[in-house]
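Student: A single structure is presented below for examination.
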C-alpha cells in the first residue's frame, strides 16, 4: 500500500498551513456602481412595483427617470469631468503630468460610479428600489405623474406604482418613532398644517403590527400641530409607510387620490377623470358614486337598483364621507382617525397585490 502523502515542512520545522485554514474576508456589500447594493437605512430613492418582470422594470425606470431628471435638474455632471481628463493625453512624456492625469482618471472613475439613479436590491419580489443622489424624489415623481395625468400618454408597460421614498430607517417601532419625529416636521410642525392620511404596506416582515404603527405615527402628527386633521377622501398629504424586511421606507406625498395612488397605469386612463375631480368639489354626487360601487362589491346578491338606494345614503351622510367608506369608524368612535387609517392601509394592500 502507498504511504500517505505528508505535507512539506518549512525551514523552521513547522508544517505548512493548508488552504482551508485561510478564511477569506467577507466582502462589503457594495456594487460596481458605488454605494450600497441593497436597501438599507439612510437611503433616499424611488420604490417601484412591477408585474413579474423586474429587469424590464429597471430599464423602464432608468429611461423614465433620466428623461424627467434631465428636464428638472439638467444632465449629470460627471460627463464633463470625463472630457476634461481625457483631453490631456499629449503630456504623457512628463512624469508629473502623467501622475496628475492618473490621479484625475481615478477621481473621475469614482465619481462615475455615483450615478444619479442606481438600482439596488429591494428584498421583495416584484419590487424595485432606485437609489437617488442629488435630487428630491417626491418632487421628481410628482412631476412625472402630473405630466402623465395631463398628457394621458402611457410611457411604461411593466411599471405599476412609483412611490418616492424620502427616508429610510430600521423597521422597529422605537426606531420608527424617533425617526418620524424629525422626518415629519417639514409638513406638519407648526406653523405648517394640513389634512392627512396614512397608508401602510408590509412585505416579508412579521414582527410589525399595522395598528400600532399607524397609531404611533398619527399621534406624532397630532403632537406636531393640533390643527392637523385626518381626511380620507381628499387629503392634502399622504404619509406612505412601506416596510420591507427590516427596513422602513417613509415619504409624504401630495395628490395621492388624484394620481390614482401613484399608479402609472391608472393615471393615464381618461375614464377615471370625473371620479377623481369629484372629491375636490365635495358634492353629493361623490357619495353616490362611492356608495353605489360598494353596494355592487359588498352586496351583489340583494338585487336592488343603485338609483333607489343611493340617494338615501347620500342624504343621511351629508359631508361625513369617511364614515360611508369605513365601517370600522363606527365601532371605534373614540379614535376615528386611527381606525380609518387602518382600513385605508388594508385597501392599499389589496391594490398592491394586483
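Each residue, glycine too, has its Cβ placed from N, Cα and C.
Keep in mind that TrEMBL annotations are predicted by a computer and have not been checked by a curator.
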Student: For the record in TrEMBL, which of the ranges 73-94, 95-116 is the region 'Disordered' one?
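Tutor: Of 73-94, 95-116, TrEMBL gives region 'Disordered' for 73-94.
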Student: Kindly state the mean pLDDT of the domain 'THUMP' (147-254) in the predicted structure.
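Tutor: The predicted confidence over the domain 'THUMP' (147-254), as a mean pLDDT, is 96.
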Student: How do the residues of the domain 'THUMP' (147-254) split into helix, strand and coil according to DSSP?
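Tutor: Taking the domain 'THUMP' (147-254) as a whole: 35 helix, 37 strand, 36 coil.
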